[in-house]
Amino acid sequence: MKTLLLSLVVVTFVCLDLAHTRTCYSCTENICLQHEQCQDGQDVCYKRWNTTYLILTDVVRGCAKTCPTPIEEEEVYCCLKDNCN
């Protein structure tokens, strides 16, 4: 009986951990307080911005399956924890 109970606890823990959905900041402003629950398979939080000017411009934050590739004069920061972007 104890073995069955322990097995159920382990299975429940594993299933709950696999069902975790990443949460990332999602906005287009420098200061961001808006969160987004990422879709299944989107485990990367990212922040991309234009480096043409001295100040951060064209900042975009959100969820992705993989880290976005920066385009010309753009930088991208990616991370794998909730709201790390």
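First residue shown is number 1, and so on along the chain.
Just so you know, glycine gets a Cβ as well, placed from its N, Cα and C.
Matching Swiss-Prot disulfide entries to the candidates Cys15, Cys45, Cys67 identifies the partner of Cys24 as Cys45. Swiss-Prot records a disulfide bond between Cys63 and Cys38, which is the match among Cys15, Cys27, Cys32, Cys38. Here Swiss-Prot annotates a disulfide bond for Cys79; of Cys67, Cys84, the partner residue is Cys84.
Sorting the disulfide-bonded residues Cys24, Cys38, Cys63, Cys67, Cys84 by the number of other Cβ atoms within 10 Å puts Cys24 first. Taking CA atoms as the reference points, Cys45 (disulfide bond) and Cys32 (disulfide bond) are 13 Å apart.
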